[in-house]
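Single-structure report; data block below.
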Amino acid sequence: DGCGHTVLGPESGTLASINYPQTSPNSTVCEWEIRVKPGQQVQLKFGDFDIDDSDSCHSSYLRVHNGIGPNRTEIGKYCGFGFQMDGLITSKSNEVTVQFMSGIHTSGRGFLAAYSTTGKSDLITCLENASHFSEPEFNKYCPAGCVIPFADISGTIPHGYRDSSSLCMAGVHAGVVSNTLGGQINVVISKGIPYYEGSLANNVTSKVGSLSTSLFTFKTSGCYGTLGMESGVIPDSHITSSSTLEWPNQTGQVNIWKPENARLKRIGPPWAAFISDEHQWLQIDLNKEKKITGIITTGSTLAEHYYYVSAYRILYSDDAQKWTVYREPGMGKDKIFQGNTELYQEVRNNFIPPIIARFFRINPLKWHQKIAMKVELLGCQFSIGRAPKITLPAPPQNKNDKNAEFMDDFIHSVKTSLQTDKTTFTPEIKNTTVTPSVTKDVALAAVLVPVLVMVFTTLILILVCAWHWRNRKKKTEDTYDLPYWDRAGWWKGMKQFLPIKSAEHEETPVCYSSSEISHLRPREVPTMLQTESTEYAQPLVGGIVGTLHQRSTFKPEEGNEASYADLDPYNSPIEEVYHAYAKPLPVTGPEYATPIIMDVSSHPSTPLGAPSISTFKAAGNQAPPLAGMCNKLLFRTDSASSAQALYDIPKGQPGPSRADQLVYQVPQSVAHPTVSKDE
């Protein structure tokens with residue numbers, strides 16, 4: 001009468017004293033006999049130990065023995081409040097006896113322990129939670145029997161579980177380990193969330209949880225996708241049932257709750273059986289063999305029809321003729337799955353190991369009012385492969401030997417499993433939503449797509465760089481390698497595109513003033529214009545083009561500037577005047593003809609008062625005034641030895657030979673200032 005929570009699995013289990021974690025009652029006793037496969041050993045780990053030691057382990061204690069029965073030998077006797085036993089107690093054989101005695105005491109919770117076969121050094125108990133481990137990711141082995149009433153969990157998959165939750169109990173809720181078998185869990189710790197949902201899954205209720213600093217999830221094979229009930233991938237014709245509920249409503253219209261209505265989250269009525277008994281079933285044809293890892297069910301989801309199934313069995317088949325009832329490995333009875341507790345909540349149950357089949361049946365065993373439900377199956381595609389070939393040694397001739405009997409039973413169970421129970425063959429499938437052939441294509445595409453993108457990007461960059469280099473080269477050639485001919489329209493259009501800061505000179509019409517260099521002789525003018533002020537740009541040479549922006553290339557005059565009404569220096573009878581500086585014509589000035597280049601430095605000195613002859617024809621066939629004040633000059637700068645002024649040659653003349661034959665260009669339609677004869 002001293003046995004508490006107990007689950008003894010074939011490879012692992014959990015045992016606790018009566019009334020744990022409350023104070024154990026007085027004068028109670030419990031004895032557990034643990035047996036695993038021959039050739040293996042048993043290891044025992046205590047999660048909590050609190051036994052009264054007031055009488056030095058005389059009346060209250062825990063004793064562990066090697067073997068079972070009268071021939072057992074003692075491994076150790078233990079007692080004490082808050083006794084810490086961090087290590088493992090290992091047996092010498094495949095059998096262990098654990099004995100608990102409780103005498104007269106006033107306190108003491110008793111104990112909780114877990115066991116497993118040797119080789120699982122990462123064994124933990126059902127009391128461990130994520131906050132006990134500092135690693136961000138770790139593997140542990142959970143024993144069977146960790147669905148205990150005194151442990152709590154908060155959260156669900158895929159969002160995660162609160163760090164205060166029991167690791168192994170959360171593993172059962174998530175469907176990664178079985179409560180009757182135990183198993184390995186791969187835990188990942190991450191940052192917590194403000195709210196944890198609650199749900200019912202695998203007979204474990206998860207509670208709503210508040211904010212925590214961290215949470216944990218489980219790494220799995222990923223084979224938990226939906227198989228097509230909700231989405232409609234499974235056609236209506238592949239969903240059948242033993243019977244269908246038909247009934248007229250108040251208006252006389254007949255309502256039929258057909259089997260195709262049994263789609264999870266589908267609005268409307270569910271599937272319901274016409275007769276509510278244990279012989280009803282809902283069948284789903286998956287069209288081919290699938291790996292089925294779980295099922296989700298709800299009730300009718302109609303408030304006015306409070307119907308749901310609270311317990312059911314699962315059957316599966318390859319041909320819809322021969323059916324197999326789902327059982328957990330090592331269990332001699334059919335597994336009964338917990339269903340819904342009300343009509344709305346989604347309840348999940350997982351199959352460990354998974355079911356490999358094409359046809360799937362749900363057989364309701366318990367229900368509320370009527371059999372009615374909506375369903376979704378979880379799993380993934382399955383690739384058919386050959387069953388592994390198992391080679392076993394020949395059984396011994398002595399049939400009376402216990403090991404021989406165990407070997408016969410083991411061979412028989414293996415053969416039966418390979419022939420009928422396909423749930424024990426679980427090939428490793430990493431992709432949960434596509435077939436293996438599609439997986440290869442996806443992997444190939446994942447490699448080729450980035451490579452193609454990089455290649456096309458490189459080609460585009462090469463083309464852009466080549467185009468940019470070509471335009472830059474063309475721009476350079478257009479700026480510094482102009483053609484030898486001179487086209488005025490093109491010349492003006494290019495001025496706004498060429499660089500502003502340049503040592504080259506521009507073609508600028510200039511206007512002469514008579515206030516600065518009247519003391520100069522005619523021969524000194526060209527030299528002075530070229531060499532006097534080095535900080536100003538030299539005049540543009542015909543055929544060589546620099547910057548063409550509009551600005552003066554000559555030093556502005558200092559002091560009082562002479563107006564355009566000054567005496568014309570070329571008509572002055574008194575002094576010989578050459579203009580050292582020039583001012584740009586107004587922007588609104590008229591266009592000028594392109595100058596004709598000639599060398600002035602070789603001409604003889606000519607009086608500045610000589611009359612000017614225009615090569616332009618004035619309006620009205622009248623000759624323009626001879627007094628010209630503004631002329632267009634071009635100076636050569638490519639020769640360091642001499643400066644040459646070039647002037648226009650009048651039409652119809654072979655060329656200037658004397659100074660009085662020099663002809664200057666006068667703009668059309670320009671009003672020339674005249675000098676008063678009185679002055």
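Placed from the backbone N, Cα and C atoms, the Cβ positions cover glycine too.
Quick look at what TrEMBL lists:
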DISULFID  CYS3-CYS30  disulfide bond
DOMAIN    3-118  domain 'CUB'
DOMAIN    120-216  domain 'LCCL'
DOMAIN    223-380  domain 'F5/8 type C'
TRANSMEM  442-467  transmembrane segment
Could you tell me the mean pLDDT the prediction assigns to the domain 'F5/8 type C' (223-380)?
94
Going by DSSP assignments with H, G and I as helix and E and B as strand, what are the residue counts for the domain 'LCCL' (120-216)?
11 helix, 38 strand, 48 coil
All-chain count of other Cβ atoms within 10 Å of CYS30 (disulfide bond):
21
